[in-house]
Amino acid sequence: MIDSILFDLIEREAKRERENIELIASENFVSLGVRQAVGSILTNKYAEGYPSKRYYGGCFVVDDIENLAISRAKELFGASYANVQPHSGSQANMAAIMALIKPGDKILGMELSHGGHLTHGSKVSFSGMLFDAYSYGVSRDSEIIDYDDVRRIARECRPNLIIAGASSYSREIDFKKFREIADEVSAYLLCDIAHTAGLVVTGFHNSPIDVAHLTTSTTHKTLRGPRGGLILAGKESSMIVNFNNKERTLENAVNSCVFPGTQGGPLMHVIAGKAVAFGEALMDEFKDYISSVIENTKAMAEYFVSEGFRIVSGGTDNHLFLVDLGILGITGADAEKVLESVNIILNKNIIPFDSKNPSVASGIRIGGAAITSRGLNRDDSIEVARFIIRALKTKSDYELKKIKCEVVEFISSFNMP
């Protein structure tokens, strides 16, 4: 690399990744094949439009690449339609929402503080700025989605769109129940599986593809691909919607909302990386990987419970869980800082009905996808939980330094993908 300053920074990041235990639920480690595609000469090509309908010449090769990504995405998810151009999950959500409803319409999404996402109706997001947003949450007793309460809220506010999905919810979501509620109030249903896509495509979680009108996802997290977004549709893909006062098929409306509605030229190098990741996820080994992710995550959660900690909702069905730090009398922000000092990386997280500000929070979010990509098994994951608890309980700087040395030695024995 000619730029020595940047090369040194990248090498520093590579060292950080090697020597840290990565537990951020939205992060993962991509394969060499994905990195090669994303770092390829495809970054040179501008390709506004869609395959065979570009606004630039010389696109016959990237047409084949995008078509490959589309066909693999459709096969992987069992979808009738796929748009692989969204630059991120948030942009996928924006395009999907705009294809279904118009500004000022009502949306009903999961409360951010209960595990939802900014793009599901938060006032600081386009979804709360451009639309009349309402929210549902979890039961105070079980900390699990109360579908009867979702139905009650939907009947009261009569939304045009219901969004099912979450960013810090550890239980499987029943998409069919959401569709029943949406149909009762004549609303569209958008399912956001950004966090659980890997579990959906391997059959560990139920699929929303033929249940929802549209499904969105990121391509990283549990899919283990490059950072990016994806929009999918099943049997509803050819339904007619009113888009800009014209009758259009749903897939046509989505295409228009991605380009030119919210984006210009697609990132062809990233789309190539998506194609690689979809191909990897179609292999039998990927199902084994996801099975291990679930096993490792459950093992960590169960160990925390055995040590007296409270896990939000009592456990996990997926790749993440939330730990209530009340037993220690510290905040999520405190925990995040202490753990980073011993090379354990995770994030502070508010818990349902939290009395603390999100910048402080009462909990932490722990994800098992990235450590599983490095080859950690169930026993290794329990050892990770032990490191966390030791670091959070100690008051000694000497002990923290000792734990850091142990963490570096432990995690460095596992290869990066």
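Using the three backbone atoms N, Cα and C, a Cβ is placed for every residue, glycine included.
What Swiss-Prot records for this protein:
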type: BINDING; residues: L112, G116, H117, L118, E247; note: (6S)-5,6,7,8-tetrahydrofolate binding site
type: SITE; residues: H220; note: site 'Plays an important role in substrate specificity'
type: MOD_RES; residues: K221; note: N6-(pyridoxal phosphate)lysine
Other CB atoms, at most 10 A from the CB of H220 (site 'Plays an important role in substrate specificity'): 26
Sparsest Cβ surroundings (other CB atoms within 10 Å) among the recorded positions H117, K221: H117
DSSP three-state assignment (helix, strand or coil) for E247 ((6S)-5,6,7,8-tetrahydrofolate binding site): strand
Between H117 ((6S)-5,6,7,8-tetrahydrofolate binding site) and H220 (site 'Plays an important role in substrate specificity'), the C-alpha gap once rounded to whole angstrom: 16
Least buried by Cβ count (within 10 Å) of the binding-site residues G116, L118: L118
Long-range Cβ environment of L112 ((6S)-5,6,7,8-tetrahydrofolate binding site), under 8 Å and at least 6 residues apart: L118, H120, G121, S122, S135
Set of same-chain residues at least 6 away whose C-beta sits under 8 angstroms from E247 ((6S)-5,6,7,8-tetrahydrofolate binding site): I240, V241
Secondary-structure category, per DSSP, in which G116 ((6S)-5,6,7,8-tetrahydrofolate binding site) falls: coil
Nearest-integer angstrom distance between the alpha carbons (Cα) of G116 ((6S)-5,6,7,8-tetrahydrofolate binding site) and H220 (site 'Plays an important role in substrate specificity'): 18
Conformational class of H220 (site 'Plays an important role in substrate specificity') under the three-state DSSP mapping: coil
